[in-house]
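J.: The following feature annotations were taken from TrEMBL:
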BINDING   B:Arg48, B:Arg54  NADP(+) binding site
BINDING   B:Arg125, B:Ser126, B:Ser127, B:Asn238, B:Ala239, B:Gly283, B:Lys298, B:Pro299, B:Thr300, B:Ser301, B:Ser302, B:Arg324  FMN binding site
There are 4 protein chains.
Amino acid sequence: MSHNSFGHMFRVTTWGESHGPALGCVIDGAPSLIEITEPEIQHWLDRRKPGQNRFTTQRREPDTVKILSGVFEGKTTGTPISLMIENVDQRSKDYGDIKSKFRPGHADFTYQTKYGIRDYRGGGRSSARETAARVAAGAIARKVLGDGVQIKGYLTQIGDRKIDRSRFDEAEIDKNAFWCPDPVMAAEWSEYLDGIRLGGSSVGAVIEVVASGVPAGLGAPIYGKLDSDLAGAMMTINAVKGVEIGEGFSAAALTGEENADEMRKGNETSPRFLSNHAGGILGGISTGQDVVVRFAVKPTSSILQPRQTVDLEGAETDIITKGRHDPCVGIRAVPVGEAMMACVLADHLLRHRGQNG
Amino acid sequence: MSHNSFGHMFRVTTWGESHGPALGCVIDGAPSLIEITEPEIQHWLDRRKPGQNRFTTQRREPDTVKILSGVFEGKTTGTPISLMIENVDQRSKDYGDIKSKFRPGHADFTYQTKYGIRDYRGGGRSSARETAARVAAGAIARKVLGDGVQIKGYLTQIGDRKIDRSRFDEAEIDKNAFWCPDPVMAAEWSEYLDGIRLGGSSVGAVIEVVASGVPAGLGAPIYGKLDSDLAGAMMTINAVKGVEIGEGFSAAALTGEENADEMRKGNETSPRFLSNHAGGILGGISTGQDVVVRFAVKPTSSILQPRQTVDLEGAETDIITKGRHDPCVGIRAVPVGEAMMACVLADHLLRHRGQNG
Amino acid sequence: MSHNSFGHMFRVTTWGESHGPALGCVIDGAPSLIEITEPEIQHWLDRRKPGQNRFTTQRREPDTVKILSGVFEGKTTGTPISLMIENVDQRSKDYGDIKSKFRPGHADFTYQTKYGIRDYRGGGRSSARETAARVAAGAIARKVLGDGVQIKGYLTQIGDRKIDRSRFDEAEIDKNAFWCPDPVMAAEWSEYLDGIRLGGSSVGAVIEVVASGVPAGLGAPIYGKLDSDLAGAMMTINAVKGVEIGEGFSAAALTGEENADEMRKGNETSPRFLSNHAGGILGGISTGQDVVVRFAVKPTSSILQPRQTVDLEGAETDIITKGRHDPCVGIRAVPVGEAMMACVLADHLLRHRGQNG
Amino acid sequence: MSHNSFGHMFRVTTWGESHGPALGCVIDGAPSLIEITEPEIQHWLDRRKPGQNRFTTQRREPDTVKILSGVFEGKTTGTPISLMIENVDQRSKDYGDIKSKFRPGHADFTYQTKYGIRDYRGGGRSSARETAARVAAGAIARKVLGDGVQIKGYLTQIGDRKIDRSRFDEAEIDKNAFWCPDPVMAAEWSEYLDGIRLGGSSVGAVIEVVASGVPAGLGAPIYGKLDSDLAGAMMTINAVKGVEIGEGFSAAALTGEENADEMRKGNETSPRFLSNHAGGILGGISTGQDVVVRFAVKPTSSILQPRQTVDLEGAETDIITKGRHDPCVGIRAVPVGEAMMACVLADHLLRHRGQNG
């Protein structure tokens, strides 16, 4: 049991606070002889990096990753891979308000209650800054999975505005600030979020992550189901309040006939499925189809609108959260969701090999 | 790592197939000196028992539980509690079709692919019959939590028909076949499901489980978050395709102001929250409010409508799943969802005590 | 974390008390398609069975094993294998003394202190009867390892009498009541133990377990070392007080030159080692040589000689442990040690396959 | 499952190689509000530091520890504590021989076989340098245990020379280079080891670690026994080949009467034990007496005497291990054994609190 680790065969332990000297992760179980370099990990970190446009926090962090162990002459050795990212732009001068008041929607009250102490600077351990370590781990996970598995995340909804699936164009995803596959909606979101941002408000989002090329057979019933591990993994991401696989909540309204993914003659190892309501997972095991996960992110809790709260002594007060924040934290959750998908799949690949290889 | 266990301090391992001689579970980590009797466990099993009305499978199983270890003179001893339920009504004479064909929506194809063998009788290990063991474990978990924690599940949606929250009456839940808190909708569902059942079809559902009296402080960031564990736990239940905490997917459409659960002066240990969009969990730790989880169950995959599929050799064919099945498996998922809630909370209670007690 | 489980990929959970209705185990992670039958498991249980000669407890237990799950048409399915052994000859009429007094050397005082309750009948969970479940699990582990790996245990010492290695003859092991490879010492032990037994006393022993055919590469540094897992596993066996690998404690008195296992040209995958001081493990990883483990078992704590103790209220008293006991529990520890070796190796085989396969 | 972690509630993950940029550990599960500073950790690291006298390796490492996370304003916050020690004196210029030849007694052959690659510089991950991270973790573990628990290690044997227990004086331990409680033997060892060192040879040792003040009740039967966890923990230390609890292997030669630790009236919570053959553990649970563990360390494998071996291609050759090495690695194993004792006890303290608190 470890509260700060996930995975079993491919096991990631993260550490670090928002305003401490550094953060990082230790990856245990990666196979040996995998070629990996700092620039390859940096590539994925740069996608998550804050301050890249006006819709994400203006904190300036280079998020430069260092490999401290587990890689020798450019290859993994089978020993733990320690990755570290130093914090540079903490700006922790003034924390008066956060120090003594509980911000609604944040973990201030619960950390204080559980631990009797909290590193209030930038939210400490509960800050989304921790997800940089996951993205670094995800870079290794992608290497474990190999090029045959491709993982792609994007936003399908910001606030109440959803993409139009008929305009879905994967090539658009990297062309806008929102990882939006619908260019029309990308433009609309831009305007919409400007309003939210200037009003000192925030808004939620829905992210979809798709993994293609996943071999059939990954996942371990009953309590190591691939969908269970994905749901648990996505729910660990800051501000996530819901997770769906494939059809998700919409499946409740379907009939058995509608929801059945019928099969026709396929290749040697697999039938051809006529649909993918299941999101690529049946009985907790991958079918070989695309694995499709969606998760909902609540609006950023740090807003400039005053909210009622109490202070450490329980006295009533108001709070406004000044500082550098994302009007929609869901945007930066995309690379994190991809990383979690990669880590869960890598873990199950190794587990499958162990029991069934 | 164990594919058939869940929890850490309160750890449950289940075993058994739909048509084997028995099924059961081993519960490890329950504190000593808890009074527990077979009738107390039986009480909860009876709520899940099949064949209680025309909306659930007509398989007749008494589901009689036996305590095989861990209880001495009516009290737990701190050693593993082994519970066994013998299968009585297997009727495993005729399985020709299931044996050689993959049923869409079932785990037939994935088990066959992963393991190269499957116990096709009634779905084997992938059958929802396994959930009887969870309900038995949940009975122990409730005792660990004590009377201060109350857990209640109910349906909020069958097919596309949702309850009207303004008619919500907890007293109604146990009065109808659907664990429905809205008496008007209960009547509507009855008629609606009769049509589904007679048409040889099936339909999905949404279940909500609420735990009240949960102390603040349960849950362990970052990767042992209470919501993450609940999401993972619910997603292990057969046919579940989505999980939400509190506001869930609706949170995506809210602004930060709307979603903030404001606080006013409360008692010595906790403020008074003015709302509960968070579902009782902030930063992965319980706030002391009701813990609210919702999950979506897909329509029963076993239907009398023919669907296209392939057989073990990959040849194209059709399949109709005869047998005794639930027109809406979501109904019987209610006691299972409650049990998973109880087990997760019991686990986190002991974990919290260990690190923070 | 589970206090009653061991292994990771090949994971065994045992349950049951000495005088409860049954005991058993759940084996999770065994690969599918392994042929296994009840008689094959029974074969190993029969070797451990009590009452086979005058040197072991006269309790009469058939120790008949039943497979309750995980095996279909004679083959494992990849799902958990539940094995159960019903207790038959409990004779739990009279426990007055044990109920209220702490037996020196037994777990009576510590269980009572830790749990505030204990099943005093036959020692409850702390009874060596629990090891029947391990032997059953070991039978499955041997099948996972395959015929290429042979595991053999034997006694090298009873009381202060050690075998003469120059008379070592593996064929002798199964020919006497002591799993003794030295026929001269077997005769001596027989006479010696008769004296111990008739005097109401008991004596300790040393057991050696050797696994041949273990492939090089099993074991996972740093904290999943094969020798660490073997040491931990053997130390869980009742009454064990010491564990050695290869040269063991004698290595302390050697020089580096003496202890070095020199290498000469071998086959394609491995050099030829000129000695095996290391006991087949270097850096926690198997070398391909015989894996050699030794463990010391203390004298049976249940003796007919009165010993000073206290009762539940702390008052001073004496105790004599009547009943059916082994004059040397070390004898029956042989099949248990073999089973633990098999389980640890099977676990590491699957782990190795997962990370390195 | 993690190959580089140990403990459950108090969980330590170590990383780093002998000649990489740094090594360190992440400690997960330490309770909050524990005061801890870098100098406090440094105190214990300094005891293990190499190069302090002529009997240990002359590598000059300051072993300066940095706290990177989990401590805020001098107190633990309940979040993971990341500790880092930078490597300074690697001297990795010349590794020609080690790179291509397998050193007998080292992990060269097994790492190469398992992983197909190895960081040969100073033994890479298999170097005893990794134990610095354990000592740092042990410093935190001691704080978790509090001042009531005292842990003390010392040597009882170097080569074939054992201390005389009648001369045992705890005050002597810190006064000589050997952690030797017998001043006469300390002088003898000094002379003896000078001979070993100058002859380019090495020799083994036996270390004893005693924890006093351990409360009764720690340890979790059956597979989380305190003695099992201690045995497994000590066996992970480099070069350890045997572990004993209390009487250890000598118990084999005792009778039941001799080995019984008789009890007399004690205080409210515990009887008074008249002896401690059990080493403070019965049935895997602490009795409240001193917990006594002993482990044997083989002679340093790196020696100046030529030994026969093979190279990476399997060709026969000889090897002499030049470099800075310990004539008796057992000496520096003392602080490591203490640290492992502290970590195991801290883990069991938290586990006990969780289930029984």
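Cβ coordinates are placed from backbone N, Cα and C, and glycine is handled just like the others.
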J.: Return the binding-site residues from the list B:Arg48, B:Arg54, B:Ser127, B:Lys298 for which some CB of chain A is under 8 Å from the residue's own CB; sequence order; 'none' if the set is empty.
T.: B:Lys298
J.: In the structure shown, which of the binding-site residues B:Arg48, B:Arg125, B:Lys298 has the fewest Cβ neighbours within 10 Å?
T.: B:Arg48
J.: Which residues of the same chain, at least 6 positions away in sequence, have a Cβ lying under 8 Å from the Cβ of B:Thr300 (FMN binding site)?
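T.: In sequence order, the residues whose Cβ lies under 8 Å from that of B:Thr300 (FMN binding site) (at least 6 apart) are B:Ser202, B:Val203, B:Ala239, B:His325, B:Asp326, B:Pro327, B:Cys328, B:Val329.
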J.: Find, for the listed binding-site residues B:Ser127, B:Ser302, the residue with the lowest Cβ contact count at a 10 Å cut-off, counting only other Cβ atoms.
T.: B:Ser127
J.: Under DSSP, is B:Ala239 (FMN binding site) part of a helix or a strand, or is it coil?
T.: coil
J.: So if I measure Cβ to Cβ from B:Arg54 (NADP(+) binding site) and keep only same-chain residues at least 6 apart in sequence, which ones fall under 8 Å?
T.: B:Asp194, B:Arg197
J.: Measuring Cα to Cα, how many Å separate B:Arg125 (FMN binding site) from B:Arg48 (NADP(+) binding site)?
T.: 18
J.: Using Cα coordinates, what distance in whole Å links B:Arg48 (NADP(+) binding site) and B:Lys298 (FMN binding site)?
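T.: Computed Cα spacing between B:Arg48 (NADP(+) binding site) and B:Lys298 (FMN binding site) is 18 Å.
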J.: Secondary structure at B:Arg125 (FMN binding site) (DSSP, helix/strand/coil)?
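T.: DSSP assigns B:Arg125 (FMN binding site) to helix.
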J.: So, three-state DSSP: helix, strand or coil for B:Arg48 (NADP(+) binding site)?
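T.: SS state of B:Arg48 (NADP(+) binding site) = helix.
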J.: List those binding-site residues among B:Arg48, B:Arg54, B:Arg125, B:Lys298, B:Thr300 whose Cβ lies under 8 Å from any Cβ of chain C, in sequence order, or write 'none' if there are none.
T.: B:Arg125
